[in-house]
Structures are given as structure tokens and as C-alpha cells.
């Protein structure tokens, strides 16, 4: 397991070659897009898995493909990605001390949190959440 503590943005763009979003991961670029996705999740009865990450963070780069893989396997959840440098004020409001930090949200409220790139623990949390949610009836 690893995590990175906050650091200033560097001028080294070579770290941007890792795919952080893809699959069913929605990249959040504004507070408004965050609010829109949370409203969509609430409307659709989905639990949100939010990954607060940084492009310069080694453990974030390691866990990113796994996060994408989880998003593809578990379409009943909504997976969001927030770049802590791009949305620094917003990330600070979530009290992010290290990256990656994963929040699990239901109806906009935190129901779980995981700090660090611990793939087995992330898998365990996702599985636990899926197992705890009753099957939703099909919408007309």
C-alpha cells in the first residue's frame, strides 16, 4: 500500500502519460460537474466511489488501471476521479491528507473512506458495498 502526501505542482509533464480515467470512470473537472454526477447517482440509486488522486503520485498511477477495471466490472456504482491539483480548493474541503483517497458516498453522504493504493482493500470495500445494496427494481 502506498500514498503520497501533498506536494506542489511541478513542471515535469512526463508523469501525465498514465491513463487515470477510462472505462466507466467520470473525470470531475469542476465543482458543478461533481454536483451533477452526485445528483445523477442519487436519482439512479447508485453509490459513488470517488478517487481523489494526483498525476504526480506514484501509488495513484499504480492503482489507476485497477480503479478503471473496477468501474467496468461494477456498473451499478458510479466511479468519479478528482485531480487534487486541478480542484485544490474542492479537494481541501474534503480534507485530503494523502493521495489516493477514496470516498464512498450514498445520497451524497460519506459511507466509507480508504486512504492509499491498497488494491485488495479497495476491492473488499467495493464488494462489501455491492453486497449491502439490495437489487433496485427496473425503472419503467
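Backbone N, Cα and C define each Cβ position, glycine as well.
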Of the residues 14, 132, the one that Swiss-Prot lists under phosphoserine: 14
Whole-number Å value for how far residue 4 (S-palmitoyl cysteine) lies from residue 57 (active site, nucleophile) (Cα to Cα): 6
Site of maximum Cβ density within 10 Å, from recorded sites 58, 59: 59
Between residue 4 (S-palmitoyl cysteine) and residue 59 (site 'Contributes to redox potential value'): CA-CA distance (Å): 7
Helix, strand and coil totals (DSSP H, G, I; E, B; other) for the domain 'Thioredoxin' (25-129): 47 helix, 33 strand, 25 coil
